[in-house]
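Lifted from Swiss-Prot, the feature list:
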BINDING   Cys435  heme binding site
MOD_RES   Ser127  phosphoserine
MOD_RES   Lys249  N6-acetyllysine
MOD_RES   Lys375  N6-acetyllysine
Amino acid sequence: MDPILVLVFTLSCLFLLSLWRQSSERGKLPPGPTPLPIIGNILQINVKDICQSFTNLSKVYGPVYTLYLGRKPTVVLHGYEAVKEALVDHGEEFAGRGRLPVFDKATNGMGIIFSKGNVWKNTRRFSLTTLRNLGMGKRSIEDRVQEEARCLVEELRKTNGSPCDPTFILGCAPCNVICSIIFQDRFDYKDRDFLNLMEKLNEITKIMSTPWLQVCNTFPVLLDYCPGSHNKVFKNYACIKNFLLEKIKEHEESLDVTIPRDFIDYFLINGGQENGNYPLKNRLEHLAITVTDLFSAGTETTSTTLRYALLLLLKYPHVTAKVQEEIEHVIGKHRRPCMQDRSHMPYTDAMIHEVQRFIDLVPNSLPHEVTCDIKFRNYFIPKGTNVITSLSSVLRDSKEFPNPEKFDPGHFLDENGKFKKSDYFMPFSTGKRICAGEGLARMELFLFLTSILQNFNLKPLVHPKDIDVTPMLIGLASVPPAFQLCFIPS
């Protein structure tokens with residue numbers, strides 16, 4: 001038989017088999033657009049604005065629908081009711097970590113963010129217990145954040161009111177807090193090694209939010225066989241991990257099992273029991289990836305939120321003026337802000353919540369995975385199916401937040417000007433995979449922002465109406481545009 005005919009026949013059979021398999025799966029899963037063989041529904045998604053694509057599809061297929069990202073089905077949850085029902089009401093079943101091939105390859109299934117099953121449960125339980133032992137949620141951690149806020153203010157004074165890009169200064173503050181927890185150390189804001197780490201973290205966030213990385217996560221074979229910016233992610237991640245491995249080695253040499261100093265010490269003393277399935281070498285690798293997770297998540301999300309907050313405060317000077325008026329009334333000029341002040345500062349609290357709602361930092365959260373076969377809203381979702389939760393659809397719900405595209409602290413104030421909580425506020429996600437550092441992040445945002453506004457007036461380099469607050473990139477994260485400002489001592 002002609003080899004060309006054999007090839008055509010074989011490809012046709014594979015094509016028909018692919019169609020049959022996808023058709024069979026779609027009969028059980030929630031509805032969704034018809035996928036093409038191999039590439040799935042990728043042509044129906046704008047990789048530069050995935051959130052809008054998800055919203056458009058939800059208008060056709062409802063709040064629970066299926067997309068094929070490549071050959072794999074992914075269930076998308078859109079809107080508060082669907083997200084809450086899955087992550088809270090069926091929290092255990094939706095607690096798996098979905099596939100994110102770039103980070104899956106970098107972490108090898110270890111750490112606290114991208115691990116699964118018992119590895120994740122044990123690591124998260126150990127991490128939360130250890131963080132509490134180290135002062136998380138207590139006065140001692142507040143003292144650390146207050147001291148770092150003082151250092152941040154002093155560093156901003158050194159700019160002498162000249163124009164500056166706040167990216168790395170704002171990154172240093174939360175990074176120093178998490179460093180003090182992980183390995184009981186902090187860095188000078190001008191330390192070259194420290195700034196190099198900040199740069200690598202910032203670069204990872206930017207690259208992970210590019211369209212190319214969205215394509216790579218859909219077609220992971222590209223990671224191994226194509227050149228591209230994904231290799232920079234692996235290189236930067238390895239540099240950060242190796243830096244932390246050196247810290248781990250230093251701790252091994254100076255460890256006193258009777259007096260644990262920090263997270264690394266606690267893990268070296270007790271972590272092996274929690275992660276006993278790993279050989280020693282892999283336990284150290286697991287520790288390195290766990291502290292890399294804490295280091296990265298504890299730095300980049302908070303620093304990006306702080307940076308975006310300053311941009312919005314420059315854009316809306318009337319909001320800044322109200323916050324500074326409240327700071328003057330409650331705290332004054334000479335006392336440092338503390339967490340007890342927050343309950344007496346409803347407008348400031350509302351402003352910070354509105355920043356987090358408006359910037360929609362991680363629009364689709366990290367992917368989840370169902371841990372068992374589950375019947376959800378009369379649909380059957382098989383074990384191992386990827387699930388995307390559109391946090392953007394919750395944070396920008398027009399019934400809960402009228403005019404959601406508008407930055408307005410009034411979204412979190414009642415008619416009497418008191419702070420108003422909202423169940424729809426879930427920038428840290430919700431359920432069993434909620435961010436482990438949520439409490440610390442909230443503390444840092446309040447203390448850092450109030451300390452800055454207590455000591456400085458923010459001066460833009462252009463007229464406020466000309467300031468663009470549109471994200472530079474929207475992918476894994478919403479990345480703010482680069483900008484400069486002047487910190488004028490008040």
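Quick reminder: no glycine exception, Cβ is built from N, Cα and C everywhere.
On the structure: features taken from Swiss-Prot.
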residue: Ser127; record: phosphoserine; CB count, 10 Å: 24
residue: Lys249; record: N6-acetyllysine; CB count, 10 Å: 10
residue: Lys375; record: N6-acetyllysine; CB count, 10 Å: 10
residue: Cys435; record: heme binding site; CB count, 10 Å: 19
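Nearest by CA distance to the residue listed as 'phosphoserine', out of the recorded positions Lys249, Lys375, Cys435, is Cys435. Under DSSP, Lys375 (N6-acetyllysine) is assigned to a strand (E or B) in the three-state scheme. Annotation note: Ser127 (phosphoserine) sits in a helical segment as assigned by DSSP. Each residue contributes its Cα atom, and for Cys435 (heme binding site) and Lys375 (N6-acetyllysine) those atoms are 26 Å apart.
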